[in-house]
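Here the structure comes first, spelled out in structure tokens, and everything after it is commentary.
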Amino acid sequence: MQTDREFLYGTNITVDDDWRPNSTTVPTQDGHFTPWFFIRAILGPSVLLVTLIGNLLVIYVFATTRKLRTYTNYYLVGLAVADLVSGGITPALENVSWMLEMWPFGEAVCTINVYINHLFIHATFLMTLTICVDRYRALTRPLRHLREKTIKHALWMISFSYVIPFVIWTPLVIILPYSGVTERVLPPECNGSYGHHFPLLVFAIAVMSWIPMLATITLYIFVFRAVLRGSRNEDRKTRDLCRVSMNTVEGRALREARQIKNDSSWENEDRSNEDQEAAQSSTDDPRQKQITTKIPTMLSTLMCGIENRGYQSNEQENGTELREVIQTIDREVINPDQPAYKSHRRSFGRRLASLRATRTLTYILVVMVVSALPWSIIAFLAVVSPHSTPEVDIFRTMSWLVHLSSAANPFCYAASNPRFKRAFLHVLCCGRRGR
């Protein structure tokens, strides 16, 4: 008994019970078109166009917008290149093959298309894993990550996401069939010859999706826990900093206000003898009392920013000096030129960039899991129990669904990074780009 199954992104194989399958991609004889055919015929070109435009736009704005050429965005461009090829170029030939139910382009084009498709789809999984590794290191080893946060290091990490697929799929798709180890697949069929051999098929499914996806999900759990732990620590530091700052302001205000009161007392003592009686009687005047009560008035102004209307009549006497004290304290506590303030701004900027990168990773990971998990489960079931897998059209649709992540990722960049969003809108609206 034989059943048609499509295993790895366009690989149709006929599996018998002893796992010695024969490829089949022959046209149907009755010319019947299933609903899955019409769904893909409509959605296929649309998704293909969105993928091409979206990922080309990512690469273009990165190359032309200086502010986008950051360490983190190099990883996103590396992923965009893989998405552009795997989701915007190779699926075009697969759509034609599926509609014709045969491969019309010859053996050489088939081999190249299968090889490039596998290489860049695998690269999308590994690029997501690489981004997750970078986020994990940034959150758990921030000092070391900061030292290594260079463009050279980013390119070095990205290269692994392309070298590993090259090492894996070059033998499986090109060397083994053309050296006679596995049988060559000839038109009108087009698929990877490794799918005809059970051990190679299991290996291909594992390294293509399951291993990178499980590793990324596991590592992301640690990233998420590190983000929560860092948020709690940051809130605690902020509260401590505010407490210290307010204590500093209050202490300085008390000292300065006491000095003003003492200065006023010395002036009263230096008055002439004939004015002493008038000076003595003036102590009962509300204006003199205001010198003593000016301390809580000034503190309330500093702490709450509320003007005390009950002491406006004394502004000409001591209000000018107190305002100068307040302004001096404000300049010393919140001074953009102070090293502490600059350090705080740099720390805040790094934290904001880290949160944006983590949010981008979250969107990318969710899209990857949603698009790739259905195919991964069905492919695993096809290996374990070939007779329990769904129909071929459903399997083809699940394999096509994997490419949707390539179309969705540019939207993830725009949703998580305002700079990408502004750059996209400037280009799409034919506006001027911020450089």
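Every residue, even glycine, has its Cβ placed from backbone N, Cα and C.
In TrEMBL, annotation is done automatically, which means it is predicted and not curated.
Residues or ranges marked as transmembrane segment by TrEMBL: 37-62, 74-92, 112-133, 154-178, 198-228, 360-385, 397-416. Positions annotated as domain 'G-protein coupled receptors family 1 profile' by TrEMBL: 54-413. The annotation region 'Disordered' is assigned in TrEMBL to 260-292. According to TrEMBL, the feature compositional bias 'Polar residues' maps to 278-292.
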Check: Who are the chain neighbours of the transmembrane segment (154-178) in space, where the CB to CB distance is under 8 Å and they lie at least 6 residues beyond its ends?
Finding: 71, 74-75, 78, 82, 111, 114-115, 118-120, 122-123, 126-127, 129-130, 133-134, 184-185, 192-194, 200, 204, 207
Item checked: Surrounding residues of the transmembrane segment (74-92) on its own chain - C-beta under 8 Å, 6+ positions past either end -> 44, 47-48, 51-52, 55-56, 58-59, 62, 113, 116-117, 120-121, 123-124, 127-128, 130-131, 134, 151, 154-155, 157-158, 161-162, 360, 364, 400, 403-407, 409-410, 413
Notebook entry, point to check: Cβ pairs under 8 Å with the transmembrane segment (112-133): which stretch of 37-62, 360-385, 397-416 has the most?
Noted result: 360-385
Note to self: If you average per-residue pLDDT over the domain 'G-protein coupled receptors family 1 profile' (54-413), what number do you get?
What the structure shows: 77
Check: Do the transmembrane segment (360-385) and the transmembrane segment (397-416) come close, with at least three CB pairs under 8 A (pairs 6 or more apart in sequence)?
Finding: yes
Item checked: Residues from the same chain, set at least six apart from the ends of the transmembrane segment (397-416), whose C-beta lies under 8 A from its own -> 6, 8-10, 36, 39-40, 44, 47, 50-51, 54-55, 57-58, 76, 79-80, 82-84, 86-88, 91, 94, 121, 124, 356, 359-360, 362-364, 367-368, 370-372, 374-375, 378, 424
